[in-house]
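Structure first, then comments.
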């Protein structure tokens, strides 16, 4: 049986840190589905369709990875429905872990057969967050070391629209 996991997030935008966690997950699982979800508590720069498109382009050459959208519903149920055995979460710092630990316990109550796997990114990405990338980029800062060129181009396009 093929070992499958999901890697959920808003990915607004998908960063090199996200890619690093995905690649680490693929050393454990044969298939990882990057699940792009909405989060009503976050203000998105990119539409869910834009995020899916950018992420698909970035991971197109990553064996074992594919991208899906979860428009609504519980993540644990989605994981079970697609046959995933695990939910992969990137953890950069203690604050991330506290939140993710709570979510892990809730998901375990909802679907006991699904486990959560916490992966730390490469140390050079521990301070990289999508929210920081967006803020720095929209203020004209150089974020090219933290995002794929596709993302950089899309951010620059958004910034140009805002400057009009």
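Backbone N, Cα and C define each Cβ position, glycine as well.
Note that this is a predicted model, so its numbers are computed, not measured.
If you look up Swiss-Prot, you'll see 10, 42, 75, 89 marked as substrate binding site, on the strength of sequence analysis. A C-beta separation below 8 Å, combined with a sequence spacing of at least six in one chain, links residue 42 (substrate binding site) to 10, 12, 131.
Residue 91 (ATP binding site) carries neither a helix nor a strand DSSP state and counts as coil. The ATP binding site annotation in Swiss-Prot covers 10, 11, 18, 90, 91, 92, 100, 125, 126, 127, 128, 129, 130, 131.
Swiss-Prot lists 18 with the feature site 'Transition state stabilizer'. Cβ environment of residue 18 (ATP binding site): 9, 11, 90 lie under 8 Å away, each six or more residues apart in the same chain. When secondary structure is read from DSSP and collapsed to three states, residue 18 (ATP binding site) falls in the helix class.
Among the residues the record lists as binding ATP, namely 10, 11, 18, 90, 91, 92, 100, 125, 126, 127, 128, 129, 130, 131, the two farthest apart have Cα atoms separated by 18 Å. In the three-state DSSP scheme, residue 130 (ATP binding site) falls into the helix class. Between the candidate binding-site residues, 10, 126, the densest Cβ environment within 10 Å is the one around 10. Around residue 89 (substrate binding site), the same-chain residues at least 6 positions away in sequence with a Cβ under 8 Å from its Cβ are 7, 8, 100, 103, 104, 116, 117, 118, 119. Rounded to a whole number, the distance between the Cα atoms of residue 91 (ATP binding site) and residue 75 (substrate binding site) is 18 Å.
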